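Some notes on the structure that comes next.
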């Protein structure tokens, strides 16, 4: 990446052709000249910073391609810290493509790489690394709770917390290094108090890691497969949970011949429900295809709901289906049709409910969230992503080693080795310790235009 280039991309999340307006963003030294060249603004409009101008995008022969608004933001008062131009055009596929092509045709302008706008914002001091990541997470949020946690990061919550912990460690390092160089001139250092301070930071980091792991489901969501023999009520349960008729519900076994999906949100956790075809032996070619897809869903699910007919009781088919579920995938045994007289269920079940009447639904929701480790996320205030958690765990491990050094009563300079490692890891979270490898890892996951 050459930071002196001028870059351009479509910045809006809505796919071309699906929104009334699209935004083409341009950033870099040639941004203003590009905007003035591509957009013709009639009358006596003043092309000033942070002012909106009206005009038309024109081609090389002077023909109008689209009616647009032009917004100029001169650096450093822009998202990237550079001169930025935004062209607000119509959202049709042709309109967006023509505007972007005209921009890219300007000398010195190239197409932006994934995440390059945000990367420039970090390099120019407009964002720290945690805020840049929060931008991506806010765009990708699939639930209000996920958006809340992303916004907490965008507001600087993670950066402030990590910076405060890092500064405490820097203070401790300063004390230790002073003792290494000038121990005879300074009063004795209270080693127990120092260890207590390091342990407080370590515990705070472990709490952040645990909270981030619990909140992971809010970001990525869960795939939940509903599995069971035909006519046990899987489709009725899908319709009950999704609050809309997604599956045809009849008394005929094998009605669901394909894999049906429904997107829902339970207590802030995005969940994809997969209503599988009843897995059984059949000569029907279409049903066989649905069963094959069901088995694929079974292997890739985060959790499996094995739906039983609580009225008919436990059968050999139920036992065979239970054996098909991979050992590493959590499973919940759900006895449906609790509104009817109960049959024999020698196999202990986790939840009894009636998909028809809705009884037991809350028990199922809680069992699902607990089995996936997603329960209790309402208490999470800051959610570190995987990269941030790895670094926080590295820092916590380094601080744990410092306790071992203390137990061995080694000299102060031995303490500084692990302390420096913890400080480096925390600095990498926020971007205080910034390398090209860190930037590549973070921004390669971004979409073009962010």
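Quick reminder: no glycine exception, Cβ is built from N, Cα and C everywhere.
Mapped onto three states, the DSSP output places residue 126 ((6S)-5-formyl-5,6,7,8-tetrahydrofolate binding site) in coil. Summarising the environment of residue 126 ((6S)-5-formyl-5,6,7,8-tetrahydrofolate binding site), the number of other Cβ atoms within 10 Å of its Cβ, over all protein chains shown, is 19. Annotation source Swiss-Prot lists (6S)-5-formyl-5,6,7,8-tetrahydrofolate binding site at 25, 86, 126, 450.
Taken from Swiss-Prot, the feature domain 'TrmE-type G' applies to 221-373.
Under the three-state DSSP scheme, residue 231 (K(+) binding site) falls in the coil class. Around the Cβ of residue 231 (K(+) binding site), 19 further Cβ atoms fall within 10 Å across all displayed protein chains. Residues or ranges marked as K(+) binding site by Swiss-Prot: 231, 250, 252, 255.
The GTP binding site annotation in Swiss-Prot covers 231-236, 250-256, 275-278, 336-339.
Swiss-Prot lists 235, 256 with the feature Mg(2+) binding site.
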If I take the Cα of residue 86 ((6S)-5-formyl-5,6,7,8-tetrahydrofolate binding site) as reference, which of the binding-site residues 231, 235, 337 has the closest Cα?
235
Cβ packing number for residue 235 (Mg(2+) binding site), 10 Å threshold:
23
Could you tally the C-beta atoms, other than its own, that fall within 10 angstroms of the C-beta of residue 86 ((6S)-5-formyl-5,6,7,8-tetrahydrofolate binding site)?
22
Where residue 235 (Mg(2+) binding site) and residue 126 ((6S)-5-formyl-5,6,7,8-tetrahydrofolate binding site) are concerned, what is their Cα separation in Å, rounded?
50
Which of the listed binding-site residues (25, 234) has the least company, meaning the fewest other Cβ atoms within 10 Å of its Cβ?
25
Mind giving me a neighbour count for residue 337 (GTP binding site)? Other Cβ atoms within 10 Å of its Cβ, every protein chain shown.
23
